[in-house]
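What Swiss-Prot says about this one:
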SIGNAL    1-20  signal peptide
TOPO_DOM  21-570  topological domain 'Extracellular'
CARBOHYD  ASN85  N-linked glycosylation site
CARBOHYD  ASN130  N-linked glycosylation site
CARBOHYD  ASN264  N-linked glycosylation site
CARBOHYD  ASN285  N-linked glycosylation site
CARBOHYD  ASN380  N-linked glycosylation site
CARBOHYD  ASN411  N-linked glycosylation site
CARBOHYD  ASN432  N-linked glycosylation site
CARBOHYD  ASN475  N-linked glycosylation site
TRANSMEM  571-591  transmembrane segment
TOPO_DOM  592-603  topological domain 'Cytoplasmic'
TRANSMEM  604-624  transmembrane segment
TOPO_DOM  625-639  topological domain 'Extracellular'
TRANSMEM  640-660  transmembrane segment
TOPO_DOM  661-682  topological domain 'Cytoplasmic'
TRANSMEM  683-703  transmembrane segment
TOPO_DOM  704-729  topological domain 'Extracellular'
TRANSMEM  730-750  transmembrane segment
TOPO_DOM  751-762  topological domain 'Cytoplasmic'
TRANSMEM  763-783  transmembrane segment
TOPO_DOM  784-791  topological domain 'Extracellular'
TRANSMEM  792-812  transmembrane segment
TOPO_DOM  813-852  topological domain 'Cytoplasmic'
REGION    833-852  region 'Disordered'
COMPBIAS  839-852  compositional bias 'Basic and acidic residues'
Amino acid sequence: MLGPAVLGLSLWALLQPGAGAPLCLSQQLRMKGDYMLGGLFPLGEAEEAGFRSRTRPSSPVCTRFSSNGLLWALAMKMAVEEINNKSDLLPGLRLGYDLFDTCSEPVVAMKPSLMFLAKAGSRDIAAYCNYTQYQPRVLAVIGPHSSELAMVTGKFFSFFLMPQVSYGASMELLSARETFPSFFRTVPSDRVQLTAAAELLQEFGWNWVAALGSDDEYGRQGLSIFSALAAARGICIAHEGLVPLPRADDSRLGKVQDVLHQVNQSSVQVVLLFASVHAAHALFNYSISSRLSPKVWVASEAWLTSDLVMGLPGMAQMGTVLGFLQRGAQLHEFPQYVKTHLALAADPAFCSALGEREQGLEEDVVGQRCPQCDCITLQNVSAGLNHHQTFSVYAAVYSVAQALHNTLQCNASGCPAQDPVKPWQLLENMYNLTFHAGGLMLRFDSSGNVDMEYDLKLWVWQGSVPRLHDVGRFNGSLRTERLKIRWHTSDNQKPVSRCSRQCQEGQVRRVKGFHSCCYDCVDCEAGSYRQNPDDVTCTSCGQDEWSPERSTRCFHRRSRFLAWGEPAVLLLLLLLSLALGLVLAALGLFVHHRDSPLVQASGGPLACFGLVCLGLVCLSVLLFPGQPSPAQCLAQQPLSHLPLTGCLSTLFLQAAEIFVESELPLSWADRLSGCLRGPWAWLVVLLAMLVEVALCTWYLVAFPPEVVTDWHMLPTEALVHCRTRSWVSFGLAHATNATLAFLCFLGTFLVRSQPGRYNRARGLTFAMLAYFITWVSFVPLLANVQVVLRPAVQMGALLLCVLGILAAFHLPRCYLLIRQPGLNTPEFFLGGGPGDAQGRNDGDTGNQGKHE
């Protein structure tokens with residue numbers, strides 16, 4: 001074992017720029033074990049010319065070094081060594097590893113993949129009818145890092161049901177269990193990352209964006225997923241295009257140039273770039289040379305941390321770069337592990353001992369695995385020591401170890417002896433596996449994905465290299481720290497990327513053209529409202545609700561009816577008090593002077609009955625105000641018509657008596673006068689009221705009024721009123737009263753008055769005129785007034801009718817009783833009666849005898 005002094009000296013030599021002797025890292029990429037794990041890492045990068053000139057099935061030479069690939073390979077080594085040193089996970093067993101370079105190219109990755117599938121102890125893949133007992137060289141594979149490679153290798157491994165755990169392949173298509181039944185990954189799928197990106201656009205109100213993707217499976221599927229996510233959130237993609245890979249021909253490069261030109265000329269200020277590192281590098285290289293105006297770039301995880309993209313000259317002028325990176329546990333011991341490992345690789349004694357051990361291993365048929373790894377210094381890899389995918393590699397190894405622990409049924413004392421585990425047996429324990437890595441508990445879901453948080457990263461330029469700053473987090477929902485974001489705008493204000501302005505409160509969008517984000521703002525009419533800011537149509541309020549113009553909510557309609565406290569009702573109640581007071585006063589006078597000639601000439605008891613009926617008409621007015629009820633609606637018309645019929649029938653008897661006395665021969669007058677007084681008069685009143693009862697009964701049975709709530713009559717209230725179902729039947733209910741009034745008018749209008757006598761006919765004539773004027777005016781007024789005021793109109797008509805009859809017929813008599821009692825004599829009031837006519841008849845007979 002090497003001493004600390006030797007390690008320190010080796011590490012000091014390793015840190016020197018351009019130092020020294022080659023390392024022996026390339027000899028440390030495989031180690032024997034009871035169970036072998038394969039590893040696929042991008043240790044180098046191939047020259048483009050090697051692909052273009054390839055005419056034979058030989059592998060391209062990977063000459064360029066990839067620091068991240070080497071660090072990920074070292075993370076796998078560290079995880080395997082930790083597991084082998086633990087006594088609780090695989091006690092008594094050792095894991096081995098066989099790590100290969102993919103050069104980030106499918107052509108290169110296929111050779112080690114075939115090697116992994118070769119039969120254990122050989123280099124051959126035999127053809128069998130059944131591979132259940134087939135034991136390949138490795139039990140499981142860690143990697144590769146990209147979706148493009150995983151799409152190729154995944155189908156190889158899936159045929160053999162060999163577990164494959166990728167630490168970077170995020171394409172959603174890899175979640176398809178029917179195509180990739182043995183694929184797992186320790187990174188979330190692209191759908192999660194793209195959902196976070198769509199939430200970010202929605203958070204900042206960017207709904208007019210450009211979406212670009214690399215022209216490969218990764219970019220094409222990413223754009224397809226993003227298009228669906230954006231459409232569901234009301235985000236419009238103004239420009240969409242694919243970025244050709246660097247080795248594409250000039251005609252395909254021209255397409256992305258056209259897209260960038262359109263983006264530069266439009267109002268789009270935000271671009272989603274879901275592309276591989278090389279495609280993003282090519283795009284920005286052209287954008288810088290063509291002086292594309294600064295934008296907000298929403299980056300995919302593939303290029304967000306790429307040194308190749310970050311190091312482009314002029315990249316700082318491209319605008320604001322935001323993107324999401326998977327959050328994992330911090331491997332605090334990893335930087336020291338790398339430093340120690342590189343120090344050992346620089347020590348000749350260690351490398352010599354390692355070379356002797358390598359001689360005991362099988363010859364490496366793929367040649368030297370990473371020759372460029374032997375020519376690096378610590379400075380070459382120091383920038384990626386805390387790369388976020390390092391933990392993903394670490395967790396992938398622990399997932400396989402935990403599944404093997406479960407398969408072997410290991411416990412604290414060891415793992416029971418049994419036949420070697422086959423890959424398909426291990427796969428059964430990988431599904432829905434829960435495992436621990438770096439202090440975190442992780443779990444594969446049914447699609448082989450893990451649920452991990454994302455950090456929202458912002459590029460903050462410090463000199464020529466940007467640093468990644470945390471400005472938010474996504475774990476199913478997005479949380480941003482806006483104050484930490486530094487925008488590329490001169491005033492550090494958030495850029496606006498919208499096709500149309502945000503509609504104001506109470507306005508909805510009327511879409512123009514093909515994009516839902518381009519629209520005019522239209523006001524919501526009364527009775528409708530805007531429910532959500534992105535609505536394209538106004539939502540109608542419910543039947544019991546209302547809203548003003550440009551409203552964002554509906555209000556409950558309150559019930560509207562003729563309330564007791566309304567000014568019109570209060571005025572009518574004052575009028576009612578006046579009318580009822582006059583009726584009671586007149587009734588009191590008539591009762592007090594019931595035996596006087598004036599009262600007897602007015603009908604005596606019938607006159608008092610008529611006044612009582614007028615009082616009942618006044619009281620019936622109280623049925624109209626207030627919230628209507630079914631009983632109230634049914635009682636309004638009968639209880640107001642019947643008392644009026646009783647009053648008019650008594651006046652009809654007065655008119656008939658005056659007509660008989662004045663216009664008919666004395667012989668007829670004597671015969672009819674008895675029918676107009678006494679019991680016969682009451683019979684006439686009863687018959688008139690029975691006719692009215694019959695009409696009212698028919699009205700209530702055939703067309704009963706009902707309480708209805710009208711939701712449309714008033715803009716903000718619900719009108720509750722008694723609805724008349726038939727205006728014809730309503731008019732017929734007035735027929736008895738109208739007929740009695742008309743007969744009264746005819747019986748008194750042309751009657752000759754007698755000199756020196758009280759003109760009873762005149763009072764009746766004016767009373768009937770008041771009746772007709774009131775009810776004739778009532779009809780057009782009722783038809784044109786608001787429905788809510790119709791009860792007030794009928795109240796007013798009844799009270800005016802009562803006051804008209806009082807003023808024309810009863811009050812003059814009351815005046816005579818009070819102010820001129822001397823006229824209250826039989827000669828003044830009863831002279832025109834039948835007795836007087838008989839006296840005049842006798843006088844005429846005597847004069848005839850004298851003449852003879």
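Cβ from N, Cα, C; glycine included.
Here the features listed in Swiss-Prot are placed on the structure.
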residue	record	contacts (Cβ under 8 Å, 6+ apart)
ASN85	N-linked glycosylation site	none
ASN130	N-linked glycosylation site	none
ASN264	N-linked glycosylation site	LEU292, SER293
ASN285	N-linked glycosylation site	LEU312
ASN380	N-linked glycosylation site	PHE65, SER67
ASN411	N-linked glycosylation site	none
ASN432	N-linked glycosylation site	ARG443, PHE444, ASP445, SER446
ASN475	N-linked glycosylation site	GLU453, TYR454
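Here the transmembrane segment (730-750) does not touch the transmembrane segment (571-591). Their Cβ atoms form fewer than 3 pairs under 8 Å, with each pair 6 or more residues apart. According to its DSSP assignment, ASN411 (N-linked glycosylation site) is in a strand.
Residue counts of the topological domain 'Cytoplasmic' (592-603) by helix, strand and coil are 6 helix, 0 strand, 6 coil (DSSP-based). The recorded stretches the transmembrane segment (604-624) and the transmembrane segment (763-783) do not share 3+ CB pairs below 8 A when only pairs 6 or more apart in sequence are counted, and are therefore not in contact. Confidence in the topological domain 'Cytoplasmic' (661-682), given as mean pLDDT, stands at 67.
ASN85 (N-linked glycosylation site) carries a helical DSSP state (H, G or I). Taking DSSP states H, G and I as helix and E and B as strand, the topological domain 'Extracellular' (704-729) has 3 helix, 12 strand, 11 coil. With a cut-off of 8 Å between Cβ atoms, the residues of this chain six or more beyond the topological domain 'Extracellular' (784-791) that come close are 560-562, 568, 624-625, 710, 713-714, 719, 721-722.
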